[in-house]
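Student: So Swiss-Prot has the following annotated:
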- 348-401: coiled coil (COILED)
- 17-28: compositional bias 'Acidic residues' (COMPBIAS)
- Lys144: SUMO2 cross-link (CROSSLNK)
- Lys181: SUMO2 cross-link (CROSSLNK)
- Lys295: SUMO2 cross-link (CROSSLNK)
- Ser113: phosphoserine (MOD_RES)
- Ser150: phosphoserine (MOD_RES)
- Ser261: phosphoserine (MOD_RES)
- Thr401: phosphothreonine (MOD_RES)
- Ser405: phosphoserine (MOD_RES)
- Ser407: phosphoserine (MOD_RES)
- Ser417: phosphoserine (MOD_RES)
- Ser418: phosphoserine (MOD_RES)
- Tyr421: phosphotyrosine (MOD_RES)
- Tyr442: phosphotyrosine (MOD_RES)
- Ser443: phosphoserine (MOD_RES)
- Tyr466: phosphotyrosine (MOD_RES)
- Tyr482: phosphotyrosine (MOD_RES)
- Tyr485: phosphotyrosine (MOD_RES)
- 1-28: region 'Disordered' (REGION)
- 355-424: region 'Disordered' (REGION)
- 80-116: repeat 'Cortactin 1' (REPEAT)
- 117-153: repeat 'Cortactin 2' (REPEAT)
- 154-190: repeat 'Cortactin 3' (REPEAT)
- 191-227: repeat 'Cortactin 4' (REPEAT)
- 228-264: repeat 'Cortactin 5' (REPEAT)
- 265-301: repeat 'Cortactin 6' (REPEAT)
- 302-324: repeat 'Cortactin 7' (REPEAT)
Amino acid sequence: MWKASAGHAVSITQDDGGADDWETDPDFVNDVSEKEQRWGAKTVQGSGHQEHINIHKLRENVFQEHQTLKEKELETGPKASHGYGGKFGVEQDRMDRSAVGHEYQSKLSKHCSQVDSVRGFGGKFGVQMDRVDQSAVGFEYQGKTEKHASQKDYSSGFGGKYGVQADRVDKSAVGFDYQGKTEKHESQKDYSKGFGGKYGIDKDKVDKSAVGFEYQGKTEKHESQKDYVKGFGGKFGVQTDRQDKCALGWDHQEKLQLHESQKDYKTGFGGKFGVQSERQDSSAVGFDYKERLAKHESQQDYAKGFGGKYGVQKDRMDKNASTFEEVVQVPSAYQKTVPIEAVTSKTSNIRANFENLAKEREQEDRRKAEAERAQRMAKERQEQEEARRKLEEQARAKKQTPPASPSPQPIEDRPPSSPIYEDAAPFKAEPSYRGSEPEPEYSIEAAGIPEAGSQQGLTYTSEPVYETTEAPGHYQAEDDTYDGYESDLGITAIALYDYQAAGDDEISFDPDDIITNIEMIDDGWWRGVCKGRYGLFPANYVELRQ
């Protein structure tokens, strides 16, 4: 145990024989006041009544500490005057590039509900391939996940397996035989190279931009020391080879441009007195020029260019213009267009059937009338030939037994067949307005043709025998008979187009229908008879029959 207590100062307390600890010193003075006696002794630390905290002093201390802390932060922290344009914002070289001023207006992006998200992803329905986002992939895209590091074959790219595939060696990879050369330290480098070599005697290695100690830089003269007489003709202006081309001397006299009132404007307009024709301005006109004003629309003669006046100047005829006599004839195979709905409906079929029946009846009536007319003409022609033959026989009989009267005038001997061909002369195409003239009335007796009912027992005189030249009048009467038949129908016309009556006083007709008894009451509207009805119809829908 003595080893444990070695090196320590051991103090042993002595027993005082049981002295009383409460015994006071003989010189003790009780200097405790009444207040200290009541609130505790000052000799005992922490005893007694503690005083309350002074709030005003505490607030003042906190304010002083806060002020000191703020001043310290302003001194050590970043200053707001730097980087934002300097003090007062006028130092542009210190302006922060990423800072914007109060005039900056930021453009807010649209809300998701306002953005048209169909753009840029193939357009609407994804079919606009030209608007497909290049970085967007569709649902058919299959991303290939990269292999884990444990799955990769690192033997490739480093010389292949076992390092013998030299064509696969990585260019940036070095092998174990590579020996890297460490760069020398700054203290080991020889800086004598490049500045003239060692000792500055290798002139071929001298740095071009380096100068030696013998170099003496010439300071540029001040503006007040420069001689500006060079370059403007040299000193005293006598060195003309050094004269500035753009500089003018004191002997230069600038010629001012003449005022508008002083210029001679007679040049370029024919010269002086207007006789220099080669100098005359081509676009200038003289005082003898008379401007001809264009005529008003009401004064222009629009007869030019459409065949000239009265349409007789063929060389001025407009190639694209057509005359009034060029009427496009509608082909006879015209068929009235029927809508598809009308073809399928039964009512329209019935109506079409009735219309077809009516057309067929009209065509049959027309054919019957033409056949009856042809038969009547053939019958009348046969009767005329018989009457002519009888007259010729009577003439021959009279010629064989002439009477005792004075000798008659000689009768021209005509071949018997000549009267037959003579009847072709009166049959000529007559104009359509023939029916409007009064019909000449020819009696059958005057023509020398007896009636069919009174041929028997009728004695013929010799007067028609010697006046056989009046026989053509009979055929003229025949034509007049047919003209009278046509004149009963009045002016006729044939329909070019179909027309449906729009009112009760109008008539309807189809193409190729014949309108008779036409009355031209107006230029655009006529009145006539067609299909048993009498009324108005447009004149440009029909064509008059010749």
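Cβ coordinates are placed from backbone N, Cα and C, and glycine is handled just like the others.
Are these features on the surface or tucked inside, and what are their neighbours?
Tutor: Taking the Cβ of Lys144 (SUMO2 cross-link) as centre and 10 Å as the limit, one finds 5 other Cβ atoms among all the protein chains shown.
The Cβ of Lys181 (SUMO2 cross-link) lies under 8 Å from the Cβ of no residue that is in the same chain and 6 or more residues away along the sequence.
Annotation for Lys295 (SUMO2 cross-link): no spatial neighbours, criterion Cβ-Cβ under 8 Å with sequence separation of six or more.
The Cβ neighbour count for Ser113 (phosphoserine), using a 10 Å radius and every protein chain shown, is 5. In the three-state DSSP assignment, the secondary structure recorded for Ser113 (phosphoserine) is coil.
For Ser150 (phosphoserine), the Cβ neighbour count at a 10 Å cut-off comes to 5, with all displayed protein chains included.
Ser261 (phosphoserine) has a Cβ environment of 5 other Cβ atoms inside 10 Å. The DSSP secondary structure for Ser261 (phosphoserine) is coil.
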Student: Closest of the recorded positions to Ser261 (phosphoserine), Cα to Cα, picking from Ser113, Lys144, Ser150?
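Tutor: Out of the listed candidates, the nearest Cα belongs to Ser113.
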Student: Calculate the distance in Å between the alpha carbons (Cα) of Ser150 (phosphoserine) and Lys144 (SUMO2 cross-link), and round it to a whole number.
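Tutor: Distance between the two Cα atoms comes out at 17 Å.
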Student: Using the alpha carbons only, what distance in Å do you get between Ser113 (phosphoserine) and Lys144 (SUMO2 cross-link) once rounded?
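Tutor: Ser113 (phosphoserine) and Lys144 (SUMO2 cross-link) have their Cα atoms 34 Å apart.
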Student: Please give the average pLDDT for the repeat 'Cortactin 3' (154-190) in this predicted model.
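Tutor: Mean per-residue confidence for the repeat 'Cortactin 3' (154-190): 76 out of 100.
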